[in-house]
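Heads up: the structure comes next, in C-alpha coordinates.
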(Lines of atoms letter the chains of each structure in order from A and count residues from 1; the text may use other names and numbers.)
(Lines give C-alpha, C1' and ligand atoms only; values in the text may rest on other atoms or scores of the structure.)
Protein backbone atom coordinates (compact mmCIF):
# COMPACT_ATOMS: atom_id res chain seq x y z
CA UNK A 1 0.00 0.00 0.00
CA UNK A 2 1.58 3.27 -1.10
CA UNK A 3 0.84 6.24 1.12
CA UNK A 4 0.83 9.75 -0.25
CA UNK A 5 2.66 11.93 2.29
CA UNK A 6 1.10 15.18 1.01
CA UNK A 7 -2.11 14.74 2.99
CA UNK A 8 -1.99 15.99 6.60
CA UNK A 9 -4.05 13.11 8.01
CA UNK A 10 -1.79 10.48 6.51
CA UNK A 11 1.28 12.21 7.90
CA UNK A 12 -0.10 11.71 11.43
CA UNK A 13 -0.74 8.06 10.66
CA UNK A 14 2.76 7.73 9.27
CA UNK A 15 4.26 9.16 12.47
CA UNK A 16 2.18 6.71 14.50
CA UNK A 17 3.28 3.78 12.32
CA UNK A 18 6.92 4.86 12.55
CA UNK A 19 6.62 4.86 16.36
CA UNK A 20 5.08 1.37 16.21
CA UNK A 21 7.90 0.12 13.97
CA UNK A 22 10.56 1.64 16.26
CA UNK A 23 8.95 0.08 19.34
CA UNK A 24 8.73 -3.25 17.55
CA UNK A 25 12.42 -3.12 16.61
CA UNK A 26 13.37 -2.31 20.20
CA UNK A 27 11.30 -5.20 21.58
CA UNK A 28 12.65 -7.59 18.94
CA UNK A 29 16.18 -6.63 19.92
CA UNK A 30 15.52 -7.10 23.64
CA UNK A 31 13.83 -10.42 23.00
CA UNK A 32 16.85 -11.65 21.03
CA UNK A 33 19.37 -10.90 23.76
CA UNK A 34 17.50 -10.97 27.08
CA UNK A 35 17.74 -14.70 27.72
CA UNK A 36 21.51 -14.47 28.16
CA UNK A 37 20.95 -12.44 31.34
CA UNK A 38 18.99 -15.34 32.81
CA UNK A 39 21.38 -18.07 31.65
CA UNK A 40 22.59 -18.97 35.15
CA UNK A 41 19.15 -19.42 36.74
CA UNK A 42 17.84 -21.25 33.64
CA UNK A 43 20.83 -23.60 33.67
CA UNK A 44 20.37 -24.33 37.37
CA UNK A 45 16.60 -24.75 37.27
CA UNK A 46 16.58 -27.03 34.23
CA UNK A 47 19.76 -28.90 35.21
CA UNK A 48 21.56 -28.06 31.98
CA UNK A 49 25.28 -28.09 31.29
CA UNK A 50 27.00 -25.19 29.57
CA UNK A 51 26.98 -27.21 26.34
CA UNK A 52 23.26 -28.02 26.40
CA UNK A 53 22.44 -24.43 27.33
CA UNK A 54 24.53 -23.31 24.36
CA UNK A 55 22.59 -25.68 22.10
CA UNK A 56 19.30 -24.24 23.35
CA UNK A 57 20.46 -20.66 22.89
CA UNK A 58 21.87 -21.43 19.43
CA UNK A 59 18.58 -22.94 18.27
CA UNK A 60 17.18 -19.43 17.94
CA UNK A 61 19.89 -18.40 15.47
CA UNK A 62 19.23 -21.23 13.05
CA UNK A 63 15.57 -20.50 12.44
CA UNK A 64 16.14 -16.75 12.73
CA UNK A 65 18.63 -16.82 9.82
CA UNK A 66 16.46 -19.03 7.62
CA UNK A 67 13.26 -17.10 8.28
CA UNK A 68 14.89 -13.77 7.42
CA UNK A 69 14.78 -14.99 3.82
CA UNK A 70 11.42 -16.75 4.04
CA UNK A 71 9.83 -13.80 5.87
CA UNK A 72 10.97 -11.42 3.15
CA UNK A 73 9.49 -13.65 0.48
CA UNK A 74 6.17 -13.90 2.37
CA UNK A 75 6.08 -10.13 2.91
CA UNK A 76 6.57 -9.58 -0.82
CA UNK A 77 4.00 -12.20 -1.86
CA UNK A 78 1.32 -11.94 0.85
CA UNK A 79 1.93 -8.42 2.08
CA UNK A 80 3.67 -6.99 5.09
CA UNK A 81 0.53 -6.74 7.22
CA UNK A 82 -0.42 -10.41 6.93
CA UNK A 83 3.17 -11.52 7.43
CA UNK A 84 3.59 -9.31 10.50
CA UNK A 85 0.36 -10.65 12.01
CA UNK A 86 1.44 -14.27 11.52
CA UNK A 87 5.05 -13.86 12.63
CA UNK A 88 3.99 -11.61 15.51
CA UNK A 89 1.60 -14.30 16.71
CA UNK A 90 4.35 -16.93 16.53
CA UNK A 91 6.69 -14.57 18.35
CA UNK A 92 4.17 -13.98 21.17
CA UNK A 93 3.40 -17.69 21.60
CA UNK A 94 7.10 -18.55 21.65
CA UNK A 95 7.87 -15.86 24.20
CA UNK A 96 5.09 -17.07 26.49
CA UNK A 97 6.14 -20.69 25.97
CA UNK A 98 9.66 -19.82 27.11
CA UNK A 99 8.26 -19.09 30.55
CA UNK A 100 6.79 -22.59 30.76
CA UNK A 101 9.77 -24.68 29.64
CA UNK A 102 10.51 -27.76 31.72
CA UNK A 103 13.65 -29.10 30.10
CA UNK A 104 16.05 -28.93 27.20
CA UNK A 105 13.57 -30.08 24.54
CA UNK A 106 10.91 -27.52 25.41
CA UNK A 107 13.52 -24.74 25.69
CA UNK A 108 14.94 -25.62 22.27
CA UNK A 109 11.43 -25.74 20.77
CA UNK A 110 10.53 -22.34 22.25
CA UNK A 111 13.78 -20.85 20.93
CA UNK A 112 13.23 -22.38 17.47
CA UNK A 113 9.73 -20.88 17.35
CA UNK A 114 11.02 -17.52 18.52
CA UNK A 115 13.56 -17.57 15.71
CA UNK A 116 10.79 -18.23 13.19
CA UNK A 117 8.62 -15.37 14.45
CA UNK A 118 11.40 -12.85 14.90
CA UNK A 119 13.28 -13.85 11.78
CA UNK A 120 10.27 -13.21 9.58
CA UNK A 121 9.35 -10.00 11.43
CA UNK A 122 12.39 -7.97 10.40
CA UNK A 123 12.04 -8.24 6.61
CA UNK A 124 8.26 -7.88 6.88
CA UNK A 125 8.79 -4.72 8.89
CA UNK A 126 11.20 -3.43 6.24
CA UNK A 127 8.56 -4.10 3.57
CA UNK A 128 5.93 -2.27 5.64
CA UNK A 129 8.21 0.73 6.07
CA UNK A 130 8.91 0.79 2.34
CA UNK A 131 5.16 0.74 1.71
CA UNK A 132 4.32 3.48 4.23
CA UNK A 133 7.13 5.86 3.40
CA UNK A 134 7.61 6.56 -0.29
CA UNK A 135 9.86 9.15 -1.88
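Yeah, the Cβs are placed from backbone N, Cα and C, and that goes for glycine too.
These come from TrEMBL:
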- 17-135: domain 'Major facilitator superfamily (MFS) profile' (DOMAIN)
- 54-75: transmembrane segment (TRANSMEM)
- 84-109: transmembrane segment (TRANSMEM)
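Across the domain 'Major facilitator superfamily (MFS) profile' (17-135), the prediction's mean pLDDT works out to 94.
Secondary structure by DSSP for the domain 'Major facilitator superfamily (MFS) profile' (17-135): 107 helix, 0 strand, 12 coil.
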